[in-house]
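Participant: Once you've had a glance at the structure underneath, I'll fire off some questions.
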Amino acid sequence: MSTWPPLFASLPPFQCCFIADIEDLQQDMENINLPDTRDSEKIEMGLFEGGRHLIAHQISSFERFLGEDVQKLVEEEFKEVEVLPSYGAAPGTPHKKSTATSREPAKPPGWRRAKLSFQQVQVFKPEWASQEGHVKPLFPHEARIRKLTYSAEVKADVHVKVYKPRELGQIHKGKGKQSTPLNVGKGKQSMPMDIGIGEENLKQEDIDQDELVKSVSIGRIPVMVQSSYCQLHGLSKQTSLQRGHCHFDVGGYFIIKGSEKVLITQEEQVRSPRCIRLRDEKGFQSRFLLASKGLSSRTSNVMVNLKYHTVEEKRSSYEQKTPYLTVQLPFIKMEINVVVMLRALGITTDKQLIDIIGLDLEDTQMFDMVRPTLEAAESDMLPWLWDAFKEQLSQSSEVIKTAALKLLEGKLRSKTEETPSQILQRCLFPDIMQDDRTKAMHLGYMVAQVLACSLGRRREDDIHCLSKKRLDLAGDLLLMELKSKLFKFRRELQRGLQKALVKEGNIDLQKHAVPFSLENAFLTGNWAQAPGTLTPRQGGLVVPLDRENPLATISHLRQTELSANPKARLRDARYPNLSYIGRFCLVQSPDGEKCGLVKSLAFSSRVSSGSPEKDVFEVLKQLSAVCLEDASLDNLRNMSKVLLNGRWVAVHENARGLARSMRLMRRTMNLHHQVEIAEDASQKEVRICCDSGRILRPLLILAEKSPPQFRLELKRKLGSSVNWNAEKLLEAGIIEYVGPEEEAGCMVAVDLEDVKNNGSLKNFTHCEIHPALMFGVSASLIPFANHNHTLRVLHQAQKHCRQAIGFYSTCLQARVDTSGQNLLYPQKPLVGTRFSRLLERSELANGQNAIVAVCPYMGFNQEDSLVMNQSSIDRGIFNSMHYRCFSTLYKQNEEVMTKPAESDARRSNRPYAAYSKLDSDGLPQVGTNCFPRDVVFGKVSALQTNGLYEDRSIDLKACEKGRVDRVIVASDDADNTVARVFLREKRAPVVGDKFSSMHGQKGVVGLIVRDYDLPFTRQGITPDLIINPHAFPSRQTIGQLLESHFGKVSGIKGRFFDGTAYTHMPMENITHELHRLGFNQWGYEAMVNGQTGEMMDARIFIGPAFYQRLTKMAEDQLKYRRQGPTHPLTRQPVDDRKRHGGIRIGEMERDCLLGHGVASNIQERLFLLSDPYQVYVCQGCNRMATKDGNKHVRICRFCKTSKHIVCLDVPYACKLLYQELLSMGICMRLKTELD
């Protein structure tokens, strides 16, 4: 083993201060002022770059997929494609002449075969071709309007070689043997087996066609908006705005058939060894799952199990539990003794077995665990050893290995031509392409894991920890789907070329290459199976993008979901894990069956994009790490293991020194900044991860610097005029990205004050940039979130922020959303957080600053109700504009866009429709007021043979109304006309509308009063909202009280306040400032009753607070019905609100009505206005009577009489139930009182 190289001498001086120097500088700690909040803000502004990092992981993953993975995948799948014809005349057979009745041309004698080799792959930016053949660039705005898929065409250069065999006599000349016919299919000709097969016959073929076909279209792939393959990439803000793209649109989504779709990031288990406890808690299991994300098709599932078998003693009744080690492989039908498997891999001596597992000769506990397995292996192999000795092998090691392989051969799942040694090489750790010795070392490492866990020397792996999980981003998911599509493309290409090879002439590759498309996967949501599984993903992977407001859009793009059945019992998977801190938002998760399964990334977390493993190997080589193939088994137990992405690749004599050196190289940018380096001193392991899908988070570096150096460096660097970004912060050594496995060995301070209070940097290695970065995007915008109850923060972060009405786009005229709502007068909150500035989207606010008073008022704001000021509503507060988009497709040569004529006979089937709002072109004019039953699309069928046409116009349903805002007419790729009509409707707050503050303090409007009836202050200020005082002790939203307190000072002084969570806010300064400005220092004010003019007895807490109007509006829930359509089977009202459906009354509604004493109203709702019906019942047998033929007489078929027949009023559903039960042989009796 070589000595450790002098690496530290090559590093910059400021990186080489060790913790040992800190003791000499402890007395200087009191005089040190660590970086303040302004320094932290500079780091955040440079690190997050205006919020562009929030979806950078999705865009970079997609760009890596199109730029690298597609080329590699095509080269792997189409490196050499051989096509053999499936029918035709065999060589040497008579040539069949074509006849007049023959549909196919004459087939030439002889077989031809082809070889295809796909080379350079090109991915073009989205384009669309009109029916005239003009090809133009396709922008996202045009794709939405024309209902097109925003996709890129993939083309490849294909090298085609067609081989034509020589005559049969020339091929077999001098061989003295006949060709053996091979049946190639039912009803097809036989093919000589030695034609086109074998190296010898390849030399006896002539090349009939040798051509390099350029730019063969092989498929189309949807393009992610704002990626480098998007037409908007590289355009200026003004040009993008002219192309109908909002400046605040971050992209990261796809456009499929005009609809915006997003791929939800999937949370999968890591593909590396992990040791867990068995379900029955009688043993442990070490499982190695290898399943590539797409480029490699190799999969492996190796499990080493430790189970306790019960053995009865012969001389006593005592039962002893004996440990037994087995290995389970996918190609073997039962569990195999792990010693037998190691023997089959060449570990033939006991000394090698001890070294492979890493046993200590003095460790009796470990030997007692292995001894039963070793004894069982000897007894199992004994019969096979005798057979191996009969073969007179020269060495005893060969005898033992041969016996173990023969034992494995008898336990294979199916018969195969491969030998057990070949199967082990192909299926056991297929990613390890080394010899059997290396595979045996990996298997021994898994055995050592299990033994250490069983003896309590090693913790079992937490499968819910993020170090054991990876995220499959958009590029990874597309790669899985593309692989399945390329398989089908290859199969269809071979089938098409098989027919072409029979005909004479060159084959036309463009004609037979049917391009693939990923569009169907986005439309159905059915995706390729996850790695390591056999079942495809079903639903939930592709969902429509949430466009309610910008915050909801960004939160949706940063959402992750665990790939599991939400209806299953996943108790531990739903609970938060300690590794989630700083990586997943702990307060943002939906309720219901997906609680804990759907999560949102934290504000500062990033997803690794992966780096080449060869760079890590080069560093390990420089640091004198010994490759696993060259490692000696004698000293293996004393060496430290080096694991790369879960695989054991090398050993080293100093784990701590290796980990420290690699971290220093990473901080000096000599190693990729996303490489994760973790040291486990107890297990003598260094775990290195450089794969993609790991969740990293930035931390300030405190280790290896003395306090004065840390202060001076950070102040000097941040005080310079450098335009900081994430890359420059990494280069300067200020921050580094830390993964979950590496962070387990770090000491992270909560903030810089925590470092100062502890008195030494020796206790910490890193420091949080800001504690509030552990929140997600939605929760980070809540001011004073740390002062609220967790449930209230969850409601705001998960529900209310997504339902808040805002101004979600600066290009409203270019949007074609089905529905949308915009606040007419949005405002920036007076008290916000620093993260709202980092997002650079403060212009697109989702609410308004309202004056809120806290007091009861006339009993109309009890519970969570609100009292609103009608005068404030008239001035525009919380007024919004509601948009609806109605679209239709006019099929070419089938439908005509026009206004149906009055004399049309087919128009009588729509007597209720109003056509007065239509122009002659069949569309309404802009500014026209439309109401229910008004026709918005005039559409008729093409003229039929009888001279009539059918009216197919589309009218507005119930509750659909508004003024025509826009009318857009476009054409799709099939030259069909796409028409859209946009209706807008101004909505002011009414009783029943829902509002919420930024603190989850939701409420419904219970009363709207004019300002002269509301209380007012001595300055004449009347509140916009009045909420109940009981809302605060029950919901514990102290943050709203602080917001009102700070907001009052902000409104008077005209400046914004920072209310970021976990930021020290001196309350004394605010109270003194309020007192200096002439207000009560605690926010209370004396108010006058607006109705009586008297001074109110109690002082009222009043101040500004940021409130949001939610999409839950009373007008959308309004439902009324007197008569309307009914279901043809049950005769009950339908449940569609737009068709004047019925109102559902359940048990709670019934009990509520009974409590109010309105039983007659219940009878009216549930019977008279629902499905009244009359049935006739025989009082003799209590069964239903039926009608006697054409006579108007009711007769009982059971009693054979028409006497004692009475009429009953019952719901029709009751009569239907009676008949359905009677058809099943169950008779229901209707008992009545006798006359």
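Cβ atoms are placed via backbone N, Cα and C, with glycine included.
So TrEMBL says this about it:
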{"type": "DOMAIN", "residues": "54-510", "note": "domain 'RNA polymerase beta subunit protrusion'"}
{"type": "DOMAIN", "residues": "313-472", "note": "domain 'RNA polymerase Rpb2'"}
{"type": "DOMAIN", "residues": "545-607", "note": "domain 'RNA polymerase Rpb2'"}
{"type": "DOMAIN", "residues": "642-702", "note": "domain 'RNA polymerase Rpb2'"}
{"type": "DOMAIN", "residues": "728-771", "note": "domain 'RNA polymerase Rpb2'"}
{"type": "DOMAIN", "residues": "779-1139", "note": "domain 'DNA-directed RNA polymerase subunit 2 hybrid-binding'"}
{"type": "DOMAIN", "residues": "1141-1232", "note": "domain 'RNA polymerase Rpb2'"}
{"type": "REGION", "residues": "85-111", "note": "region 'Disordered'"}
{"type": "REGION", "residues": "171-191", "note": "region 'Disordered'"}
Participant: Considering every residue in the domain 'RNA polymerase Rpb2' (313-472), what is the mean pLDDT value?
Facilitator: 81
Participant: Would you list the DSSP helix, strand and coil counts for the residues of the domain 'RNA polymerase Rpb2' (545-607)?
Facilitator: 15 helix, 12 strand, 36 coil
Participant: Taking DSSP states H, G and I as helix and E and B as strand, how many residues of the domain 'RNA polymerase Rpb2' (1141-1232) are helix, strand and coil?
Facilitator: 31 helix, 21 strand, 40 coil
Participant: For the domain 'RNA polymerase Rpb2' (642-702), how many residues does DSSP put in helix, in strand and in coil?
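Facilitator: Split into helix, strand and coil, the domain 'RNA polymerase Rpb2' (642-702) gives 13 helix, 26 strand, 22 coil.
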Participant: How does the domain 'RNA polymerase Rpb2' (728-771) divide up by DSSP, counting helix, then strand, then coil residues?
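Facilitator: Across the domain 'RNA polymerase Rpb2' (728-771), the residues distribute as 19 helix, 8 strand, 17 coil.
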